[in-house]
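One structure below.
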Amino acid sequence: MTSTVITGIGELTTNDDELGKLTDAALVVEDGRIAWIGPSTAAPAADERFDAEGRAALPGWVDSHTHLVFAGDRTAEFAARMDGKPYEAGGIAVTVEATRAATDAELAANLRRHIAEAAAQGTTFVETKTGYGLTVADERRAAVVAAAEADEVTFLGAHLVPPGADADEYVDLVCGEMLDAVAPHVGWCDVFCEKGAFDADQSRRVLTAAAERGLGLRVHGNQLGTGPGVALAVELGAASVDHCTYLTQSDVDALAGSATVATLLPACDLSTRQPLPDARALLDAGATVALASNCNPGSSYTSSMGFCVTTAVLQMRMTVDEAIRAATWGGARALRREAGEDAVGVLRPGARADVQVLEAPSTAWLAYRPGVPLTHTVWRKGVRVTGR
C-alpha cells in the first residue's frame, strides 16, 4: 500500500494525551495506519502528498449507535409527532414489517447507502444493530447483512416484544434459540430496557445470556423516563448505556464511578421532542460521554455526527473540544476500540488511519457555522473515501 503525507494542517486534534492539539502539523498514513505525526516542516517523504492548506483535521467520527438494517419509511409517524402526537416507540413495529418483507440484497444495499452517506460527512467507523426482524430467521439474516458492511454489529432482538407475543415467552426465545443463531455474527448484545419494552428482570436475563456466549453488553436506557436502565448497565459492566435522557443523581454518580459510557443521542431527543440529556452534569461528575447519531427510520433519521456535535455545543453546554472527543474517542470507548492496536477515535502512530479534514481553519467552526457542510476530505483505513 502506498504512503500518504497530509501536510499543512492548520489545527490537528489528535485525542492523544501526549500529542494533544497541534498547529502547522502533518501526519503520514501507511498500510492503513498512522505512521507519523509532527510539525509540517519535519514531515517525511511519502508516495503521495495532500496539502490541507491550513484546514483543521481530526479523527473520523465514530458512530457507536445506529439501526441501519431496515426497510421502509416512517415519514407519516414523524409528521404526526411534529403535530403533537407523543413518541412511545410503537412505530418500531412498522419497520419490523417492512424489514421482514425486504430481501437480503435490498437490506444490504440500504445499509451500504447509509454508511456511504455517513462517510461523506466524516464518519469512518460505524456500529449498527439488528432489531427489526424479531424472529430467529430475520434476526440472523440482519446480523449476517450487518457483519458484511459495518465495523461493529450488535444483536438487538430485545428491541420490542412482537405484536401478539407473550413477553416472557419472547424473552425465552431471545435468550435461547435467537442468541444461538446470531452470536457467531455479532460482537455485542443490546436490550431496550424501558417501560413498554423490557423491564429490568427481562433485560437482565437477556444480557446475562449474551455474556455467557461471550458477547459484550450494551443497554438502551432512560430514554422515555427515569428507570432501571443505567443501574442495570453499571451492575452488569455494560460498555455503554445509550440515551440517558432522564437521569437521577444516583444514575449520574453510578456512571461516574464506573467504566460504562453514557452515550447521548441528541438527534433522537430533538426528533421525539424530548429534553436533551444533561451532558454537563455527566462530564462534571467524571463520567465518560459519547455522542452518536442513533440513525434509524423512526426516531432519528440522520447520519450526521456533525449535527450531533453542533447540538451538543449549542444546546447541551458541552465545549467544542468535549463534543468532538465524545463523537470520536468517546464512541470508540463505548465500543472498547479506543486503545491498543488498530485503535479508532484517536490519531497517533499505530492507530487506524481514519482522518477527516474540514473546510475550516478550526474545529470550532463545527458549532460556529451550524448547518454548513464542512467535511472536505476523509480517509478511512488510510484510503481516501471522499474529498473535494
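Yeah, the Cβs are placed from backbone N, Cα and C, and that goes for glycine too.
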Checklist outcome for this item: Given that Swiss-Prot records His65, His67 as binding Fe(3+), the matching residue among His185, His220 is His220
Checklist entry - Looking at Swiss-Prot, Arg74, Tyr132, His159 are annotated for 4-imidazolone-5-propanoate. Which of Ser258, Ser293, Ser299 sits in that same site? => result Ser299
Checklist entry - So for Arg74 (4-imidazolone-5-propanoate binding site), how many other CB atoms are inside 10 Å of its CB? => result 20
Next on the checklist: Tell me which of the binding-site residues His65, His67, His220, Asn296, Gly298 ends up closest to Arg74 (4-imidazolone-5-propanoate binding site) in space, Cα to Cα.
Outcome noted: Gly298
Checklist entry - Taking Cα-Cα distance, which of the binding-site residues Tyr132, Asn296, Gly298, Ser299 are within 10 Å of His220 (Zn(2+) binding site)? => result none
Item to check | Non-site residues, in chain order, whose CB comes within 8 A of the mean position of the CB atoms of Tyr132, Asn296, Gly298 at N-formimidoyl-L-glutamate | outcome: His67, Phe70, Arg74, Gly91, Ile92, Thr95, Gly131, Pro297, Ser299
